[in-house]
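Among the features that TrEMBL reports, domain 'Major facilitator superfamily (MFS) profile' is placed at 1-259. The transmembrane segment annotation in TrEMBL covers 24-43, 82-104, 116-137, 144-162, 168-186, 207-228, 234-252.
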Amino acid sequence: GTLALIAGVPLATALGQAVGWRWAFGVIAALTLVGAVVVRAVLPADASTALSREAAERGADASTTASTATAILAGRRSMRGVVAVSVVTAVVMIGQYAALTYVAPLLTDVVGASSAAVAPLLFASGLAGAAGLLVAGSPIARDSVRALVGAMLLLAVALLVIAAEPGLWPAIIAYTVWGFAFGAIPPLLQTRLLQAAPPERRDAASALYTTAFNVGIGGGALVGAVLFDAVGVGAVPVAYAVLLVVAMLVMVRTSRAERARARVVEA
């Protein structure tokens, strides 16, 4: 899903520039139909097998030591961590989609690229995002909170560099760094979500995360439109950077609170 997110925009933009937006939407519709057929053919008709496996895993987990179980239950019983991750997800996606909605004028008017260079730049950003996705799954990102804060900080710096209009090539490098940093964020958010969610509420946690993601997509387009009309496309990267700072503060504060609760339980 993350790979589709970071590769879909450049590929769809390139297709739209090559054959027109109607054909681009037609191809997307056809791919969606293919995806539905594959899902119908591959996934089981019901989730009984998966539920049985999950029940067996829970039975195995019940055999762990009493102290470990107590710490897990005490540290993860509430959904506060899940809500925090969902809030961060919505905030980050609002910024990302505020920028993506107007990425073409952002690249031409702020970065200084030509119209013909938009699709290649988007594709380069997608490749950088794929690299970020790989890093998110590596041992480097084992601490999901630190990795998330680091990725958001890197992304915020790249956005501010772009907003400063430093010239074509520095802005292109910053735009590529943007793609790399954002590529790591969704999988790290999902990892953090599973860490924060109580085992018996992971379905609800996933639903809340998905809702936050979609709110961010719709809200981002709205925020981008307001900024574009009010102050111009150059303000979009700055607004996105501010949202990232808010997201980092929420993530750090929540992580510290969880560690404090864990220390109380251990004591």
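Each Cβ is built from the backbone N, Cα and C atoms, and glycine gets one as well.
Curation does not apply to TrEMBL; its annotations are automatic.
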For this session: Among 24-43, 116-137, 168-186, 207-228, point out the range having the most Cβ pairs under 8 angstroms from the transmembrane segment (82-104).
Result: 207-228
Exercise. Relative to the transmembrane segment (168-186), which of 24-43, 116-137, 207-228, 234-252 accounts for the most Cβ pairs at distances under 8 Å?
Worked result: 116-137
Problem set entry | Cβ-Cβ under 8 Å with the transmembrane segment (207-228): same-chain residues at least 6 beyond its ends | 79, 82-83, 85-87, 89-102, 105, 189-190, 193, 235-236, 239
Seminar exercise, completed: In the domain 'Major facilitator superfamily (MFS) profile' (1-259), averaged pLDDT is 84
